Amino acid sequence: MDTNNNIEKEILALVKQNPKVSLIEYENYLSQLKYNPNASKSDIAFFYAPNKFLCTTITAKYGALLKEILSQNKVGMHLAHSVDVRIEVAPKIQVNAQSNINYKATKTSVKDSYTFENFVVGSCNNTVYEIAKKVAQSDTPPYNPVLFYGGTGLGKTHILNAIGNHALEKHKKVVLVTSEDFLTDFLKHLDNKNMDSFKKKYRHCDFFLLDDAQFLQGKPKLEEEFFHTFNELHANSKQIVLISDRSPKNIAGLEDRLKSRFEWGITAKVMPPDLETKLSIVKQKCQLNKITLPEEVMEYIAQHISDNIRQMEGAIIKISVNANLMNATIDLNLAKTVLEDLQKDHAEGSSLENILLAVAQSLNLKSSEIKVSSRQKNVALARKLVVYFARLYTPNPTLSLAQFLDLKDHSSISKMYSSVKKMLEEEKSPFILSLREEIKNRLNELNDKKTAFNSSE
């Protein structure tokens, strides 16, 4: 008879090969199952899932499929014509006091709630997810450093914490810190003349995870310290993962030697979620917050609230709270009324400078590159997008817009606007549609923070 290990491998192999199971579904959900041979019988297969969320999700979505696979394929001791499947949450393993202390000592600001299991994967973030999982699972860095970048609220911090949590499960030493906290800690140790302690804390870890790396810019002493921290970690094959709101070359004021090191390994962009992924996120947030919404309300949130995941979750909670306060039934009309203020387009009234900055960041260009006519495709597209958003959101006349982009022929403005509109409305280019949402998100952020372009130069 097969060993228990072989039985588990055989079952998972059959699941992975099944045409009804995508690779993403297998990696995200079904690969997490552990076969329980002690409870299993000839007509019942018992499995453990690592947490309640996965247990519920796999049972609901894949329970029938697992039953079908095991009934059709005689695996191990399952010989009945019809095999039932039971999935339970795995019992927690007890560790001795000393190992528990060491485990906690390695945990620096890693949020337990952010895991790979509850990260919603779609076409917008699949590459980032696969890279992050490979990094977390590897004993030696497969890429070093790793830098993920993209707009606010797209899941970058979630994926960073997921890496940290997975590493902690393997009893690795993990340091997760924002660049602002790194600065605060640096200044405190510097003031106390205790830099040896600072270096020991940040240079003697297996995983160094830095959030908001763009805030290192313009702080020479901090950049110097981070430069040496980076070098020592890299030289000792310790994994470095960085999160930023823009690509390294677009972090203005960051030393060139740091930009160069940020690009040593692999850089990946987190794109705004498509509608299908947004709907999956809304459903997951409802489940996590134990809020029940009608399908049409969840679809409405996915369609009309921005791509920012935190705003989507806020919309869900706002609907629930208002329904409870008014003792009302949650329906589409209630959702529209409650969420009216969240749907206001903050991009209205944008300055030309903010539009230029948002487009530049989204296409990894410098603002100065866009203001000059060029035959390079990405620059030409950027100039068209500036015109498109300027026509939508600013009262600037064609003449001032032409001057802003150094266009001699004012009629070019209409042609550039029509070109983008055609790509969006007729061709429905997925890339341009996604890019439009990203630029709008960046404009919303710039306008909400009242960030002036001139003050950022």
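Every residue gets a Cβ built from N, Cα and C, even glycine.
Swiss-Prot lists 1-77 with the feature region 'Domain I, interacts with DnaA modulators'. Annotation source Swiss-Prot lists region 'Domain II' at 77-108. The region 'Domain III, AAA+ region' annotation in Swiss-Prot covers 109-323 and rests on sequence analysis. The annotation ATP binding site is assigned in Swiss-Prot to Gly153, Gly155, Lys156, Thr157. Annotated region 'Domain IV, binds dsDNA' per Swiss-Prot: 324-457, in sequence order.
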### Check: same-chain CB within 8 A of ATP site center, minus Gly153, Gly155, Lys156, Thr157
Gly150, Thr152, Leu154, His158, Ile159, Ile243, Val270, Ile309
### Cβ-Cβ neighbours of Gly155 (ATP binding site) (radius 10 Å)
24
### Query
Among all the protein chains here, how many other CB atoms are within 10 A of the CB of Thr157 (ATP binding site)?
21
### Neighbourhood of Lys156 (ATP binding site) by C-beta distance under 8 A, where only residues 6 or more apart in the same chain count
Phe148, Tyr149, Gly150, Asp211, Ile243, Val270
### Task
Kindly state the mean pLDDT of the region 'Domain II' (77-108) in the predicted structure.
53
### Task
On the DSSP side of things, how many residues of the region 'Domain IV, binds dsDNA' (324-457) fall into helix, strand and coil, could you say?
89 helix, 0 strand, 45 coil
### Query
By a simple count, how many Cβ atoms lie within 10 Å of the Cβ of Gly153 (ATP binding site), its own Cβ left out?
18
